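Trainee: Quick paste from TrEMBL:
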- D114: active site, proton donor (ACT_SITE)
- K21, N22: phosphoenolpyruvate binding site (BINDING)
- R90, D303, V325: UDP-N-acetyl-alpha-D-glucosamine binding site (BINDING)
- 5-419: domain 'Enolpyruvate transferase' (DOMAIN)
Amino acid sequence: MKFVVRGGKPLKGEVKLAGAKNAATKLLVASILSEEPSVLENFPIIGDTAITAGLCEELGSEILKDGNTVSIKTPVIKNTRVGLLTRRNRIPVLALGPLLARAGRAEVPVVGGDKIGARPVDIHLEALKKLGAEVTISGASYEAKAPEGLRGAEITFRFPSVGATENTLLASVLAKGKTVMRNAALEPEIMDLIKFLQKMGAIIELGANRTIYVEGVSRLRGAKHSILPDRNEAVSFACLAVVTGGDIFVKDAVQEHLITFLNTLRRIGGDYEVVNGGVRFWRAGKLTPTSIETDTHPGFMTDWQQPLAILLTQAEGVSKIHETVYEDRFSYTKDLNLMGADIIVTTECLGSLPCRFSGKFPHSATISGPTPLKGMKLEVPDLRAGMAHLTAALIAEGESEISGVEEIDRGYERIDERLRYLGADIKRIDD
Ligand code: EPU
């Protein structure tokens, strides 16, 4: 599947955010903790939720879809082995907790590195072991057992990993006794998971200094929940409004989820108005360069640097981005340079402090602008980089042909249709 895009049109109008990919997938898996039905509203119809729904069905879930509402129930765990097909995203490892809780055993595929880094799961496995699971690697799978059930434990994460925090939440809510998680991740999507688990009957408290307390309960029930709006989509549309010189009202965008981004956007020369029901974005004047450093929430999110980099190619002067979350998230800049950008990637830390990638990985970028971009043939490397390609194509002179758009479809609902509605010249072509 590919997109053919003709750049140069200002994008204007209103767009509604889909539910967050990185919450919807986790809530599907969380629903397996109960045999009762759960209902998820504002559910995004994207590639990653389809893959995760397939994973749940493999384990015994029955799923009904009605537009953006999904009902899921898992009366019986029919299978404790997650198949290799689900390796297309990072969700299989999160099935360990619910399977251990419901069936005392689990087997999930080893999810290897991908285009943005090695992405190990050592922090997840260490936490599960502390909760009493025996975990071994057998061929291409992790096998976990907890015949006596899991029990609460004190866990300190060496890094506030999103996935490891979610995995530990999923495993500890039905464990015997109390679990304390220190240095936990507190992303809005994790708060959404906590809200859903609380509705299901879990007892979870948030303490100071990134601490989460869980008091295990013996049983969870089904729950109804509306998934939070996708803040990554919000940032993508905001950058599109500013970089194309347009004006977009992003319906359902939540200021609280975007505070660091909004500050950065205003410094660069974008502007916004927070109103009831969303945020409107537009360009205030000429774009000025800046320096950003990605971080865990509430810092500047790693998934926001790619659309922002396109804005910075149009700013007058030199900008710097220091990526501190993933070691290899600048591969997309090679194509941008071929389109006419001036981006130099280095292993040095171009931020306030050295990070764990210093001298080892190409994790910082210097962007000099403004540089006009020219349309060309592009191949999408990964989801967020794909959105950067698409954004670049939408401001480039001439036509771009973007292949591998299934990666973009993994995370953005009907993106071509919504962009066309905002005035973009974009066509989807089946290969
Ligand atoms: N890490 C380890 N060991 C672990 C876990 C993580 O070394 O056991 C490292 C990772 O390799 C990475 C860093 O810690 O360098 C951050 O990983 P984290 O576990 O926090 O992220 P994740 O759960 O794998 C989720 C999102 C990402 C998002 C990050 C950061 C999902 C499915 N993915 O990944 O989203 O960038 O949190 O917020 O929720 C995307 O949507 O395209 C995407 C990549």
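Backbone N, Cα and C atoms are what each Cβ position is placed from, and that goes for glycine too.
Each of these features: where is it, how hidden is it, and who are its neighbours?
Mentor: Under the three-state DSSP scheme, N22 (phosphoenolpyruvate binding site) falls in the helix class.
DSSP assigns R90 (UDP-N-acetyl-alpha-D-glucosamine binding site) to coil, not to a helix or a strand. All chains included, 17 other C-beta atoms sit within 10 angstroms of the C-beta of R90 (UDP-N-acetyl-alpha-D-glucosamine binding site).
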Trainee: Pop the mean pLDDT for the domain 'Enolpyruvate transferase' (5-419) in here, whole number is fine.
Mentor: 95
Trainee: Can you tell me how far the Cα of D303 (UDP-N-acetyl-alpha-D-glucosamine binding site) sits from the Cα of K21 (phosphoenolpyruvate binding site), in Å?
Mentor: 12
Trainee: Please give the maximum pairwise Cα distance, in Å and rounded to a whole number, for the UDP-N-acetyl-alpha-D-glucosamine-binding set R90, D303, V325.
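Mentor: Value for the max Cα separation, rounded to a whole number: 16 Å.
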Trainee: How far is it from R90 (UDP-N-acetyl-alpha-D-glucosamine binding site) to K21 (phosphoenolpyruvate binding site), counting Cα to Cα, in Å?
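Mentor: With the alpha carbons as reference points, the distance is 12 Å.
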Trainee: Please report the DSSP secondary structure of V325 (UDP-N-acetyl-alpha-D-glucosamine binding site), reduced to three states.
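Mentor: Looking at the DSSP assignment, V325 (UDP-N-acetyl-alpha-D-glucosamine binding site) belongs to neither helix nor strand, so coil.
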